[in-house]
Amino acid sequence: MIKIAKNRVSVWAVIGAVLFMIGQVVTNLYLPNLTSDLVNDGVAKGDVSYIWSVGGKMLLVSLLAVIFAFGNVLLAARTSQTLGKNLRRDIYQKVLNMSDDEFDQVGTSSLITRTTNDVIQIQNVAMVALRMMIMAPITLIGASFMAYQKDAQLTSIFIVVIPIIVVFIGIIMYFAVPLFKAMQTKTDKLNLVFREGLTGVRVIRAFVRDNFEQNRFDGVNRDYTNNARKVFSIMAAMFPVMTLVMSGTNIAITWFGGHLIANQAMPIGNMIAFMTYAMQILMSFMMLAMVFVFIPRAQASADRIQKVFDLKTRILEPKDPKKFSTDEPAQLDFDDVVFRYHGAEKPALIDVHAHMKAGQTLAIIGGTGSGKSTLINLIPRFYDVEQGAVRVNGLNVESVSKHDLQDQIALVPQKAVLFKGSLRDNLLYGNAQATDDELWHALEIAQAADFIRESDGLDTFVEQGGDNFSGGQKQRLAIARALVKKASVYIFDDSFSALDFKTDALLRQALRQDKTVNQAIIVIVGQRVSTVADADQIIVLEDGKMVGLGTHQELKENNEVYREIVDSQIKEGSASNE
Amino acid sequence: MSEQNNRSNSHPARPMGGHGPGGGMALPGEKAKNFWGTVGRLFNYMAKYRIALVIVMIFAVGSQILQVQTPKILGKATTELFKGVMSGTAMQKAGIAMKEYPIDFTKIESIIMTVIMMYVASALLNFIMQFMMTRISQETVYRLRREMKAKMKTLPINYYDTHSNGDIMSRAINDMDNIAGTLQQSLTQLIQSTVMFIGTLWMMLTISWQLTLVAIATIPLSLVVVGVVAPRSQRFFAAQQKSLGLLNNQIEENYAGHIINRSFNHETQAISEFNEENERLYAASWKAQMISGLIMPLMTFINNLGYVFVGVLGGIQVANGSMSLGDVQAFLQYTQQFSQPITQLANLTNTIQATVASAERVFEVLDEDDMTDDQVDLPDVAASKDILTMAHVKFGYQGKDLLMTDYNLAVKPGQMIAIVGPTGAGKTTIINLLERFYDVAGGSIRLKGVDTRNMKREDLRRHFAMVLQDTWLFTGTIYDNLKYGREDATHDEIIAAAKAAHVDEFVRQLPDGYDTVLNEEASNISQGQRQLLTIARAFVADPEILILDEATSSVDTRTELHIQHAMGRLLKGRTSFVVAHRLSTIRDADNILVMNHGSIVETGNHDQLMAKQGFYADLYNSQFTGNVEI
């Protein structure tokens with residue numbers, strides 16, 4: 001945890017917070033001392049002017065306490081929130097620059113939790129640490145010392161009381177902590193079943209299984225409720241017992257203190273002060289107990305964050321990057337590419353080769369897991385090859401800077417991702433200089449102009465994740481976004497599967513007729529034969545092996561795998577004449 | 001502790017997460033529309049526990065009264081001690097030597113015994129009260145959740161189509177949590193704080209009205225802190241929440257779209273946008289933390305002010321002999337705890353308001369209109385050969401234009417009806433009408449001559465089974481998911497269905513076979529296998545009429561073949577409506593519904609439609625653009 005905080009918070013601020021806290025504690029401890037003076041030397045002796053002077057001192061000390069507290073809170077708040085801010089910034093930066101490899105290692109949703117919840121956790125603990133966590137021990141030491149000074153004999157009461165508290169908290173924790181943990185799982189279960197009821201409402205009703213769902217929910221609901229009842233029943237004992245222990249301590253002090261006073265071993269004011277110290281000692285013990293609950297949770301968060309920082313990227317920038325020349329015609333080459341996912345036993349791609357020139361279309365077809373997406377991920381260098389090379393415009397993708405490489409490539413991923421904001425902002429993503437005409441042109445090609453015109457045009461608002469569009473619409477907008485970017489290679493990763501035949505065909509036709517795209521290379525990953533059929537070259541993949549390369553006609557005639565795919569899709573009557 | 005008040009802010013990132021009772025500092029702006037009405041309704045839910053609630057309240061008051069009195073009684077012990085010391089010193093001054101001060105320990109002993117008893121009684125009452133309240137609150141919320149779930153059964157599909165799942169979930173989970181937390185803790189706290197406030201004031205008055213005035217003089221100061229500082233911190237907390245929400249959105253979006261981010265060279269801009277929001281969050285959050293952190297020391301200071309004045313004035317009175325030391329000591333204790341109920345009550349008003357707002361949102365769902373079951377006065381057509389007819393059907397979604405104005409269709413048993421059209425043509429509308437997720441606005445849909453509105457929805461739906469592209473399966477075993485098709489299906493029927501749908505083969509390869517539990521993300525079986533399971537489920541249902549979506553996405557060739565094969569078997573001998581994606585299906589269909597922009601634009605078989613040279617012919621021909629003969 002300290003490792004994570006290092007360099008992200010100012011050491012001086014931390015020291016300052018500690019000093020202020022010491023000041024706050026000292027003043028707090030001094031107050032009972034003054035009270036006992038007030039009683040011993042003022043009240044008992046009837047010295048009114050002395051009472052007034054001690055009263056004045058007490059006011060002054062209280063004021064000091066507030067000032068110290070203010071200083072501490074200010075520094076604690078700023079330091080803890082700065083830590084959170086810097087952590088968040090660093091993780092975000094790290095994650096955005098991560099390669100897919102590292103992304104896969106942790107997983108998107110886990111990365112999100114690490115950047116959000118885990119950071120908040122750390123930030124809260126930092127706040128608590130700079131206040132309670134340092135306050136408790138300082139108070140404990142100070143109050144013990146003061147109490148000891150007031151009366152050494154009475155301190156033996158703590159030898160009895162403190163173990164009682166520790167044991168009691170221990171018992172409660174022993175029973176409550178597992179139940180609290182179980183509660184989290186049961187909460188998730190509750191959420192899950194309820195959410196399934198929402199997402200599956202049509203299926204549930206179609207199969208008339210509402211009652212089944214009702215019972216299923218009732219099961220988890222009951223389970224949760226019983227657990228909650230147990231947990232909170234245990235916790236119900238906590239507060240009364242704690243109060244009882246504290247009150248018991250006061251009574252013990254009165255009783256034993258009384259005898260000491262009777263024996264003239266202690267002035268009466270000391271007893272009153274002692275009670276105050278006793279309360280402070282017990283309170284700080286409880287604070288410490290709470291702190292111990294916090295620490296393991298924060299430690300877990302810190303570990304998760306540290307893991308993100310520790311990820312080393314395997315995609316390195318070249319030492320001496322080459323530059324693309326501006327007027328070179330587009331070109332794309334796969335030179336006997338072999339690729340293996342990190343730590344995988346068997347290569348994901350073996351001996352893939354293809355050479356494409358400006359204006360040509362390369363299609364890649366094959367079943368799930370055959371390596372289609374893997375292959376195109378090599379072009380923007382999301383992964384590095386093991387053998388062979390991928391060249392864009394004649395240059396090995398590993399020899400140019402990542403930034404320059406991305407400039408040559410426009411990608412439409414399998415799952416269309418849009419960002420919250422206006423449609424215009426989304427389209428300008430890859431080319432901030434594009435004019436509205438260019439944007440409309442891209443929308444036309446992508447067959448998206450119609451439905452965009454029907455809504456608010458380029459100002460159409462895009463919800464988070466593009467949720468206000470259907471799957472097919474999102475996909476077309478993602479295509480338009482890629483077209484706005486002027487690139488040498490346009491990659492469509494299974495981008496047409498969400499479109500119907502007609503739109504798919506119209507879109508590909510329009511693509512071919514566009515002047516810019518005509519100068520570039522199109523790479524299409526497809527499932528449907530009709531989508532890939534008119535490509536200049538088709539790569540047929542099976543289990544990572546390139547089992548065919550050629551045009552539709554060539555492959556249809558002499559490629560077994562390709563023919564199988566064709567047959568599966570268009571064989572007449574295959575569906576109904578079984 | 002102010003830290004505890006901020007607890008609810010520790011997990012704002014997960015709208016579905018935050019759990020456990022203990023309402024935190026409520027955000028402003030969450031005001032209930034009908035406060036007392038909602039409160040009354042909430043209490044109605046607890047009516048079953050009426051007696052228990054009364055006991056809880058009596059115990060809460062009782063334990064607090066006992067608690068409040070103890071300092072004064074314990075003070076008497078101090079007074080006794082003091083008396084002994086004073087007379088002792090006086091005697092010493094008079095020259096009488098003594099080993100011990102003449103303190104009346106028997107009296108002190110009886111005082112202490114009383115106090116111990118009071119403490120124990122108070123703790124016991126407190127525990128019993130909490131224990132009972134736990135039961136009451138958890139059971140009440142259990143019932144609320146149950147009712148909410150039951151409501152989900154009777155709401156029309158229209159409700160689901162017009163409300164986001166996130167919204168419903170947040171009511172079912174977060175709002176319920178708020179209610180549980182408040183019932184569990186805040187209610188008794190409210191009673192106890194009030195009793196404590198009144199009790200403390202009363203006890204102070206019985207000791208000395210002059211000192212009470214001094215103590216009360218600090219109340220306005222406390223109110224200033226509670227009334228001025230606290231709302232300010234809440235404002236910053238609100239700003240913090242807002243920034244945090246925006247930031248979390250950015251994180252989610254950009255992590256999910258990191259490929260786009262990178263391939264469009266957008267990282268730098270994304271990071272600078274993020275930093276901007278991050279700075280805003282920081283600016284709000286440190287202020288929120290600081291101000292809320294300050295409330296505690298400020299209250300302590302105000303308390304100390306009162307403490308010092310009470311100490312000084314009390315001291316003077318003791319010196320004058322007009323008050324006993326024990327009384328002053330007790331009074332000092334009262335002064336110390338005086339601000340506690342004030343702060344607590346201030347916090348409680350926020351929590352309670354937020355909770356009532358939550359309850360209101362829950363009740364809003366419970367008050368939604370249920371599906372209507374209006375029968376129509378249309379006679380059954382007895383001698384119909386058609387299994388399903390649509391006559392003069394008029395339909396449109398609420399508040400939108402009509403999609404069908406006068407649609408007619410007759411389906412004979414065993415016929416296959418294909419539904420085709422471009423992406424987003426509204427093919428689900430047909431499903432909505434057939435399954436009666438929506439009712440027609442005019443005309444009539446008849447199943448075997450009976451208007452579907454004159455049948456119970458359940459009975460109608462038993463004639464149908466659906467296989468959709470969205471492969472919804474629930475978190476449970478594969479076996480239970482198959483059985484979902486028909487409750488009374490036998491084991492053999494289920495296995496037979498699994499075999500027919502090519503499910504049996506892969507299920508047997510799983511380590512737990514049919515007992516494999518499908519997890520939420522369904523990461524343990526592939527998308528294609530899920531699709532096969534939905535087909536098997538429909539087999540189990542063994543319906544007369546089948547609704548099927550042919551689309552299969554992200555499925556490998558082999559599985560694709562299996563799916564086709566399974567679908568083929570399923571269709572055999574059944575009347576079917578197929579959202580068609582394959583040419584063969586379309587060509588073989590007895591009737592084709594061609595859809596565009598939500599309405600049916602053409603109907604007929606393949607040859608008829610081709611001859612028409614209309615929308616369908618256009619759609620069909622477009623597949624062969626690119627001049628490649630497949």
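Sequential numbering from 1, following the chain as shown.
Each residue, glycine too, has its Cβ placed from N, Cα and C.
Because TrEMBL annotations are produced automatically, they should be read as predictions rather than curated entries.
What you are looking at is a predicted structure, and each value in this text was computed from that prediction instead of being measured.
What TrEMBL annotates here:
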- B:1-24: region 'Disordered' (REGION)
- B:1-10: compositional bias 'Polar residues' (COMPBIAS)
- B:49-66: transmembrane segment (TRANSMEM)
- B:54-354: domain 'ABC transmembrane type-1' (DOMAIN)
- B:108-128: transmembrane segment (TRANSMEM)
- B:186-205: transmembrane segment (TRANSMEM)
- B:211-230: transmembrane segment (TRANSMEM)
- B:294-316: transmembrane segment (TRANSMEM)
- B:376-622: domain 'ABC transporter' (DOMAIN)
Across the domain 'ABC transporter' (B:376-622), average pLDDT on the 0 to 100 scale: 83
Whether the transmembrane segment (B:186-205) meets the transmembrane segment (B:49-66): three or more C-beta pairs under 8 angstroms: yes
Chain residues outside the transmembrane segment (B:108-128) and at least six past its termini with a C-beta under 8 angstroms from it: 59-60, 62-64, 66-67, 69-70, 73-74, 76-77, 80-81
Folded-back contacts onto the transmembrane segment (B:211-230), same chain, C-beta under 8 angstroms, at least six residues removed: 201, 204-205, 291-292, 294-295, 298-299, 302-303, 305-306, 309-310, 313-314, 331, 334-335, 338-339, 342-343, 346-347
Same-chain residues at least 6 beyond the ends of the transmembrane segment (B:294-316) whose Cβ lies under 8 Å from its Cβ atoms: 1-2, 208, 210-211, 214-215, 217-218, 221-222, 225-226, 229-230, 233, 323, 327-328, 331-332, 335-336, 338-339, 343
